[in-house]
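J.: Okay, handing you the structure first.
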Amino acid sequence: MIAPVLPTYNRADLAFVSGEGSWLLAENGRRYLDLGAGIAVNALGHAHPALVETLTEQAKKLWHVSNLYRIPEQERLAAMLVDRTFADTVFFTNSGTEAAELAIKMARKYWSAKGDPDRIQIIAFEGAFHGRSTGAIAAAGSEKLTKGFGPLMPGFTQLAWGDHDALRAAVTDRTAAVIIEPIQGEGGIRTLPDACLKGLRDLCDATGALLIFDEVQCGMGRTGKLFAHEWAGVTPDIMMVAKGIGGGFPLGAVLATEAAAAGMVAGTHGSTYGGNPLGCALGAKVVEIVSDDAFLDAVRAKGAQFRQGLEGLVANHPTVFEAVRGEGLILGLKCVKPNTDVVKAAYAQDLLTVPAADNVIRLLPALNIPEADIAEALARLDRAATALGRAA
Ligand SMILES: Cc1ncc(COP(=O)(O)O)c(C=O)c1O
């Protein structure tokens with residue numbers, strides 16, 4: 001008999017009742033150190049006092065009105081994002097997937113509005129993840145995501161990660177857009193070198209193709225800058241944001257330049273819930289806290305501390321771990337043992353990590369995780385690796 005909850009997830013037998021900072025209390029009475037943060041969502045940890053206060057205050061005033069009206073909280077958050085990024089304009093969504101849908105639509109509408117409606121081809125990359133809608137799975141293209149859901153939306157090509165020749169051959173003056181995660185999350189914490197992002201920008205400039213960055217997982221302070229692409233000194237035409245921006249409240253956004261958004265006139269897109277007062281009040285508080293220079297400096301310092309410890313773990317447990325990946329606090333451990341075994345061994349140490357493709361476990365803690373909790377996480381990972389190494 002099918003479970004009341006549609007069984008699309010292989011869930012761990014863990015349920016949590018409350019959280020504080022980087023810690024979660026489970027129904028079983030144990031306290032877990034959370035290095036998953038709801039898959040890079042709880043950017044400020046659980047029950048951050050400023051977010052609890054913002055949520056409570058806004059909940060007493062106004063939750064939802066619809067986009068039939070002006071929404072001051074939405075206007076404020078959009079202005080904050082425009083101030084802090086390349087973007088001239090923002091559309092708010094409830095998730096990363098919804099942001100992917102709009103990014104794809106916006107790119108196609110751009111060409112259609114320019115009188116070239118057949119310029120629909122979008123180049124994506126193997127190992128990418130842009131969400132689970134029909135458009136997002138067509139973009140990522142992997143069999144794991146698409147099998148059984150055909151026919152897929154046409155017009156997407158996936159290139160191998162790092163194949164510059166294939167990229168130069170594929171991106172032409174018939175390409176509508178290129179969509180890429182500056183750091184692949186689900187794909188196994190694979191960082192695109194800065195030089196590649198720069199090269200991609202040049203290629204798009206030369207051909208006119210729009211450049212879309214998916215910063216749903218790697219953005220919002222995770223690398224130690226507000227957005228990952230800032231490290232390379234290049235900007236996209238369109239960017240998808242979600243996860244961390246709501247601090248745990250479902251919120252996403254598509255940021256765009258005025259030129260890229262030119263086709264998106266009144267009536268071309270919408271969302272009932274997107275940009276509601278409650279979500280935008282929280283988003284504004286998260287952006288205010290995370291975009292502060294001192295906060296981002298601290299993310300970089302914590303990232304360096306964590307990485308150094310992880311390098312030590314790799315050296316000490318060569319039969320369990322192979323390499324450290326990632327930047328700032330979007331880190332991965334490429335495993336020798338099956339990553340799912342490593343995740344389970346970490347559960348046994350009351351530590352939460354997240355598996356990814358390419359036999360990697362992801363470490364995506366709250367951005368404000370205390371140094372002492374990083375040290376504790378390293379100690380628990382060390383014990384998990386020792387137990388796994390012994391089992392070999
Ligand atoms: C890079 C990236 N894009 C898009 C998505 C989809 O976001 P959501 O699950 O909020 O729909 C994800 C989710 O993991 C992601 O990591």
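The backbone N, Cα and C atoms fix where each Cβ goes, glycine too.
All annotation found in TrEMBL is predicted automatically rather than curated by experts.
The pyridoxal 5'-phosphate binding site annotation in TrEMBL covers Gly96, Thr97, Phe129, Asp214, Glu215, Val216, Gln217, Thr272. Marked as N(2)-acetyl-L-ornithine binding site by TrEMBL: Arg132, Ser271. What TrEMBL lists as N6-(pyridoxal phosphate)lysine is Lys243.
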J.: Which of the recorded positions Arg132, Lys243, Ser271 has its Cα closest in space to the Cα of Gly96 (pyridoxal 5'-phosphate binding site)?
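T.: Nearest listed residue in space: Lys243.
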J.: Rounded to a whole number, what is the top Cα to Cα distance in Å among the residues the record ties to pyridoxal 5'-phosphate, namely Gly96, Thr97, Phe129, Asp214, Glu215, Val216, Gln217, Thr272?
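T.: For the residues that bind pyridoxal 5'-phosphate, the greatest Cα distance is 25 Å.
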J.: Near the Cβ of Gly96 (pyridoxal 5'-phosphate binding site), how many other Cβ atoms are there if near means within 10 Å?
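T.: For Gly96 (pyridoxal 5'-phosphate binding site), the count of other Cβ atoms within 10 Å is 26.
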J.: Measuring Cα to Cα, how far is Asp214 (pyridoxal 5'-phosphate binding site) from Lys243 (N6-(pyridoxal phosphate)lysine) in Å?
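T.: About 11 Å separate the Cα atoms of these two residues.
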J.: Name the one residue among Arg132, Lys243, Ser271 whose Cα is closest in three-dimensional space to that of Thr97 (pyridoxal 5'-phosphate binding site); these are the recorded positions.
T.: Arg132
J.: Hey, how far is Glu215 (pyridoxal 5'-phosphate binding site) from Arg132 (N(2)-acetyl-L-ornithine binding site), Cα to Cα, in Å?
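T.: That comes out at 16 Å between the alpha carbons.
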J.: How far is it from Arg132 (N(2)-acetyl-L-ornithine binding site) to Val216 (pyridoxal 5'-phosphate binding site), counting Cα to Cα, in Å?
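T.: Cα-Cα distance, Arg132 (N(2)-acetyl-L-ornithine binding site) to Val216 (pyridoxal 5'-phosphate binding site): 13 Å.
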J.: Quiz question: given the recorded positions Arg132, Lys243, which has the greatest number of C-beta atoms lying within 10 angstroms of its own C-beta?
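T.: Of the recorded positions Arg132, Lys243, the highest Cβ count within 10 Å belongs to Lys243.
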J.: Three states by DSSP: which one describes Asp214 (pyridoxal 5'-phosphate binding site)?
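T.: Reduced to three states, the DSSP call for Asp214 (pyridoxal 5'-phosphate binding site) is strand.
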J.: How far is it from Thr272 (pyridoxal 5'-phosphate binding site) to Lys243 (N6-(pyridoxal phosphate)lysine), counting Cα to Cα, in Å?
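T.: Between the Cα atoms of Thr272 (pyridoxal 5'-phosphate binding site) and Lys243 (N6-(pyridoxal phosphate)lysine), the distance comes to 19 Å.
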J.: Whole-number answer please: how many Å between the C-alpha atoms of Gln217 (pyridoxal 5'-phosphate binding site) and the residue listed as 'N6-(pyridoxal phosphate)lysine'?
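T.: Taking the Cα atoms only, Gln217 (pyridoxal 5'-phosphate binding site) lies 7 Å from the residue listed as 'N6-(pyridoxal phosphate)lysine'.
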J.: With the Cβ atom as the reference point and anything under 6 Å counting, tell me which of the binding-site residues (Thr97, Val216, Gln217, Thr272) are near ligand 1.
T.: Thr97, Val216, Gln217
